[in-house]
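J.: If you scroll down you'll find the structure; I have some questions about it.
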Amino acid sequence: MAETPRLLFVHAHPDDESLGTGATIAHYTAAGADVRVVTCTLGEEGEVIGERWAELAVDRADQLGGYRIGELTAALRELGVGEPCYLGGAGRWRDSGMPGTPRRRRQRFIDADEREAVGALVAIIREQRPHVVVGYDPAGGYGHPDHVHVHTVTTAAVAAAGAGNFPGEPWAVPKFYWSVFATRPFEAAVQALTPEDLRPGWSMPSAEQFTFGYADEHIDAVVAAGPHAWAAKRAALAAHATQVVVGPTGRACALSNNVALPILDEEHYVLVAGAAGARDERGWETDLLAGLEFGAAPRR
């Protein structure tokens, strides 16, 4: 029997997996791959959309994190993934919030003991033995402190998983990617949005709000979702109802700031470790598994 491809995605908060990599996850689960998602916090500091669940917010009942476990569970189900996997266990590290967010009763993820956090992720990597790990770039995408720390922890864990500093059998990850936004495709998708795609009160994004995109020449891979994966991404986003609203046509969504974001059917990556596979005329891989060989399934 041929070995099953295995991919591991590491994200900061519930909804990050759907916003940035949802179509990719759905694409590979539909193809039969073993896809797992690690979430590093419960997302307790998220801003709640609407009045229905407003009392769960951090400055009220402070129950949002527990509620979002259910949202993440539903979103992962839409993407074809099993139960949530929280780094260190659900609630081990608290959502750090944006800069200036006051400290709460629980230890923030950005204050986590690095060896403990890295060791927890090394254990997951050595158990799953993924062919591909996906994390964030050094800026954490748009700069959220937890995203930046996910980059630090994931980078260290990928390196440590192949060495002997933690318990378990070492596993050298063949390919390690950053999930990134590509500027040109994002801008094209924004320009393609129409008033019919937006809900009342939404605004269009400005160039000043999205300065963290990557130029084409800095992209290494793209996963173009088919209709099934794109629909799964939309459904997963809708499952995060305290954080995301999907527009009437399903072509856009918005967070609590009511800025319309196109729901992209292509997701982009930078390869930071490992050998690239075949590239297209743009110089991009079109498969994160490109260049990997899958023989007989290994015995455990």
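The backbone N, Cα and C atoms fix where each Cβ goes, glycine too.
Here's the feature list from Swiss-Prot:
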type	residues	note
BINDING	HIS13, ASP16, HIS147	Zn(2+) binding site
J.: Would you find the one among the binding-site residues HIS13, HIS147 whose Cβ has the most company, meaning other Cβ atoms within 10 Å?
T.: HIS13
J.: Give the sequence-ordered list of residues that share a chain with ASP16 (Zn(2+) binding site), lie 6 or more positions from it, and have CB atoms under 8 Å from its CB.
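T.: For ASP16 (Zn(2+) binding site), the qualifying residues are THR39, HIS147.
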J.: To test your reading of the Zn(2+) site: which residues beyond HIS13, ASP16, HIS147, same chain only, put their Cβ within 8 Å of the Cβ centroid of those residues?
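T.: Output for this site, in sequence order: HIS11, ALA12, ASP15, CYS40, THR41, GLY43, TYR136, GLY140, GLY141, HIS144, ASP146, VAL150.
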J.: What three-state class does DSSP give HIS13 (Zn(2+) binding site)?
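T.: Where HIS13 (Zn(2+) binding site) sits, the three-state DSSP reduction gives coil.
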J.: Is HIS147 (Zn(2+) binding site) helix, strand or coil when read with DSSP?
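T.: Going by the DSSP assignment, HIS147 (Zn(2+) binding site) falls within a helical segment, counted as helix.
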